[in-house]
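A.B. asks: Pulled from TrEMBL, these are the listed features:
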- 110-167: coiled coil (COILED)
- 9-21: compositional bias 'Basic and acidic residues' (COMPBIAS)
- 67-88: compositional bias 'Basic and acidic residues' (COMPBIAS)
- 44-100: domain 'Ubiquitin-like' (DOMAIN)
- 143-227: domain 'BAG' (DOMAIN)
- 1-30: region 'Disordered' (REGION)
- 61-88: region 'Disordered' (REGION)
- 246-279: region 'Disordered' (REGION)
Amino acid sequence: MPGGMLVRGDGDDNNLHHNHETAATSSAGPMTKIDVAYGSAQHQLFVPSHSTVGELKKQIAEQTGLEPEKQRVLFRGKEKEDDVHLSSAGMKDKSKILVLENPTSKVKKVEEMENIEEMVEESIARKESKVEEIKETEEMSKAFAAVARVRKEVDKLSERVAAIEVAVNSGTKIAAEEFDVSAELLMRELLKLDGIEAEGEAKLQRKAEVGVVRRVQGFHETLDKLKARNSNPFHDSNKAASVTTKWETFDSGMGSSTAPPPQPMSSSTKVTEEWEKFD
């Protein structure tokens, strides 16, 4: 009965079962049984008859897990608005409704998934970028170290060339192989410098080592000149002229480069003595 009183007719077990279902919530007023189809699932809901579609959606959410704002409730092929009462919508006891997921919610879900995918891709890209930066940094470090080694070796070879120059200038005879070996060692360092693989700042650093290249070229020129002088000590005409001037100065006793007039020599003994004095 509407007042909550149970009335049983003789032999009417079905009415008893129905009254048990409605009695549990009879304090809320008359109850309406709604059959809900959502996907492949079927649900039965008991809601107060004065409920709105929006309130019905809340109970549907408890059964299906689909949030109310994402639901579309269709009754007799038409979607019902949230503020419409069940009775106004024509829903009665044992009415059947179809629940669909709102397309806009699907779009939002897709957008959320896309956003998640973008975030994952960005994270992967950042990691890859970091790996590339680390790799590039390692390559740059190797390139810088290689350039520094070449510079250090050229510094050592410059000392070798300087020692050869001192020896040649002092009149010491140097083996010809010494010049060739020194030139070969210098050329090897140039090849090492040219073979350094580098990108970015390291590549610029390698190009900046043009000073090393010029130094090596200068050492090659110096070695060629020293080699020529070593094989022919009097090849340098300037030095020969200087020696001549000294001899002339010694003979004349003056600071003039003009040769003195020949002096008469009384005996070979006097010539010998003058040579000994010069020696």
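One is the number of the first residue shown, and numbering goes on along the chain from there.
The backbone N, Cα and C atoms fix where each Cβ goes, glycine too.
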A.B. asks: Can you work out which residues elsewhere in the same chain, 6+ from the ends of the compositional bias 'Basic and acidic residues' (67-88), have a Cβ less than 8 Å from its Cβ atoms?
C.D. replies: 32, 34, 47, 49-54, 56-58, 60-61, 95, 97-102, 105
A.B. asks: List the helix, strand and coil residue totals of the domain 'BAG' (143-227) as derived from DSSP.
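C.D. replies: Across the domain 'BAG' (143-227), the residues distribute as 71 helix, 0 strand, 14 coil.
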A.B. asks: Using DSSP, what is the helix/strand/coil residue split across the compositional bias 'Basic and acidic residues' (67-88)?
C.D. replies: 6 helix, 8 strand, 8 coil
A.B. asks: Give me the mean pLDDT over the domain 'Ubiquitin-like' (44-100), rounded to a whole number.
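C.D. replies: Averaged over the domain 'Ubiquitin-like' (44-100), the predicted model reaches a pLDDT of 92.
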